[in-house]
Each structure stands twice: as structure tokens, then as C-alpha cells.
Amino acid sequence: MTTYGSFPGTRPRRLRTSPVMRRMVAETRLHPADFILPAFVREGVAEPVPISSMPGVVQHTRDSLKKAAAEAVAAGISGIMLFGVPEESKKDGAGTAGTDPDGILQVALRDVRAEVGDDLLVMSDLCLDEFTDHGHCGVLDDQGRVDNDATLERYAEMAQVQADAGAHVVGPSGMMDGQIGVIRDALDQIGREDVAILAYTAKYASAFYGPFREAVGSSLQGDRRTYQQDPANLRESMRELELDLEEGADMVMVKPAGPYLDVLAKVADAVDVPVVAYQISGEYAMIEAAAEKGWIDRDKAILESLTGIRRAGARSILTYWATEVAQTLR
Ligand code: PBG
């Protein structure tokens with residue numbers, strides 16, 4: 001046998017020889033504190049309602065939401081992001097239920113705050129789409145277009161009402177220009193400098209939101225391409241990022257996560273505020289569906305998808321698996 005001296009002189013495989021070696025050299029780790037659970041609460045239901053396109057996820061009742069929040073605390077995750085699903089009859093053009101102190105989201109915020117106190121960050125989706133009868137994230141002008149500045153006034157009121165109801169963090173997800181600045185002002189005006197803003201900075205008009213539309217009983221016809229970003233663009237995200245930071249964002253988000261890891265990496269390189277990624281409903285549904293068919297190993301695929309998102313630069317991740325994964329990590 002021919003020998004080649006010490007060839008190959010460098011052997012990267014030495015650092016992959018055993019589980020403990022791989023664990024020591026791992027550059028990315030998952031920890032329960034990395035996770036935030038998005039949760040849906042539906043008005044007027046007596047039992048949790050399963051979401052067929054998101055096996056394992058439900059529209060909560062007020063009671064089952066409180067239980068999910070308590071489980072999230074026990075699992076050691078950092079936050080819960082609440083989405084309200086109002087009764088169909090309460091939807092209107094202005095999304096009035098979104099600013100009603102007795103609207104489902106506000107009621108749920110108070111319930112969850114009473115349950116968890118300060119042991120879990122209570123976050124609220126700050127957007128009108130669940131509450132409007134046309135399903136858009138803002139109010140419409142007389143031509144049926146989403147009216148940016150009229151929507152900002154609604155967001156300002158929503159921020160104040162959500163803060164009053166107990167949100168530690170508000171998550172503006174509507175992609176209106178100027179939304180972060182207006183919301184910061186609105187919160188400061190009522191003396192709520194303590195409420196943080198998690199800005200949906202780079203939110204793309206994605207086909208992967210499909211299952212979410214079922215989850216919130218969306219009334220949307222058409223799409224959100226006049227306000228959410230075009231999937232083709234990366235530089236545009238950097239512009240959105242600059243604006244959100246100028247306007248007072250405390251944390252910035254990239255959404256969806258998996259198909260946008262390049263955006264996430266670039267944003268994470270560019271800023272010193274915490275960067276958050278949202279692994280959305282379609283990303284969840286794809287893994288669950290493939291696993292159900294026996295085509296992939298569910299648990300490994302979940303951890304790999306989350307590791308990839310952390311590796312790309314996310315400090316925190318919103319994922320529908322938050323509590324489950326945190327439990328397995330403990
Ligand atoms: C808007 C909002 C959406 C999601 C979170 N906030 C839907 C949309 O923009 O159409 C999607 C989340 C998911 O798909 O998991 N309020």
C-alpha cells in the first residue's frame with residue numbers, strides 16, 4: 001500500500017467522532033429561552049377548535065389558552081404571541097373589535113397576564129386583519145386600496161388598548177409605512193415607555209401563510225402584495241430595517257424564516273438589536289404533513305429547521321413547536 005506520509009494533514013472528521021465531541025464543538029445550540037409560542041384564541045367557543053392544516057395547533061378557548069400559557073412557563077420559553085379570532089358578526093371595515101377593550105384579543109391578554117404575571121412575555125399581534133370584514137391589515141380608502149395613514153391611526157389606538165390589557169410587547173405585523181414611529185408615540189403618550197415593540201421588519205408576501213388564514217378565519221380575498229414585501233427583494237429589507245430602527249423598534253423580525261435565511265443573516269449582521277424569526281404556519285404544516293406520510297423524521301426535521309434559523313442569526317424564534325421543543329430540550 002502506498003503511503004502519503006501524513007496526508008491528509010488536516011482531518012475535520014476528528015471533530016465529528018462522537019456525540020460528546022460533536023456537542024462540544026457545536027456552534028449553535030437551542031435553549032428553551034430562545035422560543036416564543038404563537039397562539040390563537042377564538043371568541044365564543046366552548047371547546048378548542050383544531051386547525052386542520054396545522055395538526056396539533058388549535059384555536060383556543062379562553063380557558064385552554066390559559067393552560068397553554070401555564071405550560072409555556074413550565075417549559076421555560078420566553079414568550080407567547082397572541083392572535084385574536086373574533087366572532088364573524090363582530091368584523092367590520094375598520095376592525096373595531098381590534099380596539100374594543102372587551103374585544104377577544106384584549107380579553108385574552110388580560111387572562112394570560114393574570115395567569116403568568118411576569119414569568120412569560122405576553123406579546124400581542126398588532127394588526128387589523130383578524131378584525132376586518134375584508135381581511136386586510138388596514139382600513140380601505142374609497143377605491144378599496146389599503147389606506148396607509150388612516151391605518152396608522154387605528155394602530156396607535158390598538159397599541160394603547162393592548163398595553164392597557166397587559167401586553168409586555170406589541171408586534172406590529174401590518175407593514176404600513178411609519179407604523180413603528182406612530183406606535184412608539186402612542187405608547188409614550190399614555191406613559192407606557194415600558195412596552196417594547198417587536199417590529200415585523202421584513203415581512204414577505206408569502207404563499208406559506210396559507211394555514212394561518214384558516215387559523216384566524218381570515219376574510220381576505222386577493223393578496224397583500226401592496227404592503228408586504230416582494231419575495232424577490234433583499235436590499236429592500238435593509239431599507240425597512242433602517243426605518244424601523246430610526247422609528248424606535250426594540251427588536252426586529254424576519255418572516256417567514258426558512259425560505260428567507262439569507263435575509264435573516266444579513267439583518268443579523270447589520271444590527272445590534274435582538275433579531276427574531278417567525279417560522280410560520282406553512283413551514284410548520286410542511287414538516288407535519290411530510291412526517292405524517294412517513295417521508296421524514298418529524299422530530300429531527302423540527303430541530304434541524306430551528307437550528308438552521310438560529311445559525312442564520314436569529315436570537316429568538318416564534319414557532320408553533322415552541323413548548324414541545326422546549327420540553328424535549330430540558
Ligand atoms: C397578520 C399576520 C399573519 C401572520 C402573522 N401575522 C398573516 C398574514 O400576513 O397574512 C402569519 C403567521 C403564520 O403564517 O404562521 N396579522
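Keep in mind that glycine also has a Cβ here, set from the backbone N, Cα and C atoms.
DSSP gives LYS203 (active site, schiff-base intermediate with substrate) a strand state. Residues within less than 8 Å, Cβ to Cβ, of LYS203 (active site, schiff-base intermediate with substrate) and separated from it by at least 6 positions along the same chain comprise SER173, MET175, GLN228, GLN229, MET253, LYS255. Here TrEMBL flags LYS203 (among others) as active site, schiff-base intermediate with substrate.
Under the heading 5-aminolevulinate 1 binding site, TrEMBL lists ARG213, ARG224. In sequence order, LEU220 are the residues near ARG213 (5-aminolevulinate 1 binding site), counting only same-chain partners six or more apart with C-beta under 8 A. The secondary structure of ARG213 (5-aminolevulinate 1 binding site), as reduced to three states from DSSP, is helical.
What TrEMBL lists as Mg(2+) binding site is GLU240. Around the Cβ of GLU240 (Mg(2+) binding site), the number of neighbouring Cβ atoms within 10 Å comes to 21.
The feature active site, schiff-base intermediate with substrate is assigned by TrEMBL to LYS255 (among others). In the structure as shown, the Cβ atom of LYS255 (active site, schiff-base intermediate with substrate) sits within 10 Å of 24 other Cβ atoms.
What TrEMBL records for SER281, TYR320 is 5-aminolevulinate 2 binding site. Sequence-distant neighbours of SER281 (5-aminolevulinate 2 binding site) (same chain, 6+ residues apart, CB-CB distance under 8 A): SER53, MET54, PHE208, TYR209, GLY210, PRO211, PHE212, ALA215, TYR320.
When the alpha carbons of GLU240 (Mg(2+) binding site) and ARG224 (5-aminolevulinate 1 binding site) are compared, the span between them is 17 angstrom. Cβ environment of ARG224 (5-aminolevulinate 1 binding site): HIS136, CYS137, MET175, ALA205 lie under 8 Å away, each six or more residues apart in the same chain. Taken in sequence order, the recorded positions LYS203, GLU240, LYS255, SER281, TYR320 that lie near ligand 1, meaning a CB under 6 Å from one of its atoms, are SER281. Just so you know, the Cβ of TYR320 (5-aminolevulinate 2 binding site) picks up 25 other Cβ atoms within 10 Å once every protein chain is counted.
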